[in-house]
Amino acid sequence: MPTVISCNELRGEVLAIQKIGNKQIDRTFVFDKVFGPTAKQMDLFSQSISPMVNEVLQGFNCTIFAYGQTGSGKTYTMEGREKTKNGEFSSDAGVIPRSVRQIFEELEAEFTEYSMKVSLLEIYNEEITDLLASDEWESSDDKLKKPIALMEDGKGGVFVKGMEEEMVRSADEIYRILDKTSARRQTVETLLNKRSSRSHSIFSITIHLKKFTQEGEEVIKTGKLNLVDLAGSVNVLRSGSVEGRARDAGEINRSLLTLGRVINALVEESSHIPYRDSKLTRLLRDSLGGKTKACIIANISPSIQCLEETLSTLEYAHRARSIKNKPEINQKIMKSVLMKDLYCEIDRLKKEVIATREKKDIYIPGNIFLQEGEKKAMAEKMEHIQVELESKDKQLIVLQELHDSQQQLTAELIEKIENSQNKLKGYEKVILDQEEQYQKAKYAIREKEHLIMQMLHSERVLVEHANCLRSELDFAAADRSELFCKIEHKDNIAERNQIIVQRFQSQLTEQLHTMHKTVATSVMQQKNQLKEIEEDMQSFISVKAVTTKELEGLVDKLKDLYQSDITTLDGLAGELDHNSQVTFGKLYSQVLTHSTSLDDVRTLSYSCNSMFNNYFNRFDLFVLRQCFKRIAFEADYLLKELQNNLSKQKFKLTDFVQLQHEGNLRTVEATRAISDTVSSYFHNVEVLISRLSKILEETKTSQYQQLSELERKFEECADYEEKRLVKKVVQMLITSKTRQKKRVKI
């Protein structure tokens, strides 16, 4: 059989796989502890139950539930299987025997004085039965089993009236009690379970521990452990229940449904918790949201056939996990106070026994019954006579009560007749008064009819006036619609203008971008041309400088050549001059020596002059010197002219380059100025466009505000006029109705 439930014990999760149509839905439920199909009873007890048992010994009230569908193993979890042959515990022992053994082991280890009592209740078909009652309660006839009632304790809790609690001193005594009472539980055989529990069982262990305070004062600490084995939820079709068993299943499901409603109400923090809808929830009230610590063991089946009940059980347990109890340790009481309470309880039980014996509602214990058997046999006739007397007395009492009731009824009828006569007299007087009022009302009605006619006329006038106002309101609405149309037309024009401005702005931006690109390209081209010109000028200047240097070298060579020739000539001339000076000196000496002979001197002078003339004629020295000087001078002049021309050409070329450079710079500056002017112009245009857009937006906003204000004022005026007219009409109608009512009353 396929399984649809899987457990993750480490993460405390239960995964439910559900298929709806072709879709698979996985639902995950998270709990405090999860035990899979391979878990042992000892694992469950040690991890979840054992801590709660210890808390019971500390003075807390604790409740352990076993909840689930029929056949899921609730009773097995709570009770387990029987002991082994040697009396030792089986590994399958359930929660109850393990809890009992742990309690006694802890108490024996502490060597403390204690008392313990147990009780066992069964809830079947919303009736509570005490399974620890005397043997007379074990009759095979279910009608003789007398249910007991729940009573309020005045503190918000309940107690079971007449419930028997048996004192125990060992675990074996409790085991014997459980073995004896297990046969009394309501069980039937179903298709799901051969021995299915049909009732809820509540096994309670109450422990009183004697402790000593630090001052040495003796106190009593009380703890209570409730072990609840709930009846399983039943699917009538799958369990095979019919007729009476089906009704039992319905009662069980109804009780569990009430438990579910209580859990839901506690989780949702509802103001009303339906505890009183079921005796089970009344008994477990303190365990559900009260001062008791609670543990719910949800038993489920992994089979796909039980998926619906399994999901219901998981949802119940998941909701119950959210319930917040407020556990409190039971108050420690003095031994004297406890003894006093026990004496009071004994007195109360004695009174209940006496009362029940007198009323004969229950049987006395077996040993007393045997002792009083003879007395009952001897008193049978007396009892028969007593019964007849009692029946006669009852009949007499019934007749007396009937007589009294008849007399009381007669007195009541007489009183009613007198009251009716008095009322009749009053009615006659009222009728006379009404006749007088009727006559007065006739005249008043005539007056009111006249007033009604006047009121109808006034109403017609008001209606006409209202119609006029309505027509004016329609005209105003039409004007308003026309105004809205105009405003919408203006808005359309403004939107078109805005679109045109945006389009112009985009075109202008594109043209500006194009112009920027063109100017940048032109500036770049001019820079390139200027650079080429500068390179050409530099090359020309360098070539010119080289040529000039070559010419200067040639001129220097020529000058050196001429200078060497002139130097040679100067040397010759100097030599000639020196020779002539020597000759003239010789002549002068000869003149001085030979002054006697003037003629010789003259002759010598003439000869010298002729010699000098011939010499100068021969060499033409002076002319040659002058020629060479002139040639040198002309050469120097030509060289200087050439240098001057070269310098002038160089200066002119430098000035031309400078002028070209300055012209190019002026062109670039002018181009930049034009670009800046154009940029500033377009920037101004953009600013103007943004201002224009802003003005358009502000104008549009202002128009919308004015329109909204106009619309608001118009609506307020229209509403005010309408309310005023309606108020007037209503006031007139109310006045008219009031007058009509007054006239009718009159």
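Even glycines carry a Cβ here, placed using N, Cα and C.
Whatever TrEMBL says is automated annotation, not expert-curated.
Since the structure is predicted, the reported quantities are computational estimates derived from the model, not experimental observations.
According to TrEMBL, the protein has these features:
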BINDING   Gly68, Gln69, Thr70, Gly71, Ser72, Gly73, Lys74, Thr75  ATP binding site
COILED    410-437  coiled coil
DOMAIN    1-323  domain 'Kinesin motor'
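For the recorded site, Ser72 (ATP binding site), the DSSP three-state label reads coil.
Comparing Cβ neighbour counts within 10 Å across the binding-site residues Gly68, Gly71, Gly73, the minimum falls on Gly73.
A sphere of 10 angstroms centred on the C-beta of Thr75 (ATP binding site) encloses 23 other C-beta atoms. Of all Cβ atoms in the shown protein chains, 24 besides its own fall within 10 Å of the Cβ of Lys74 (ATP binding site).
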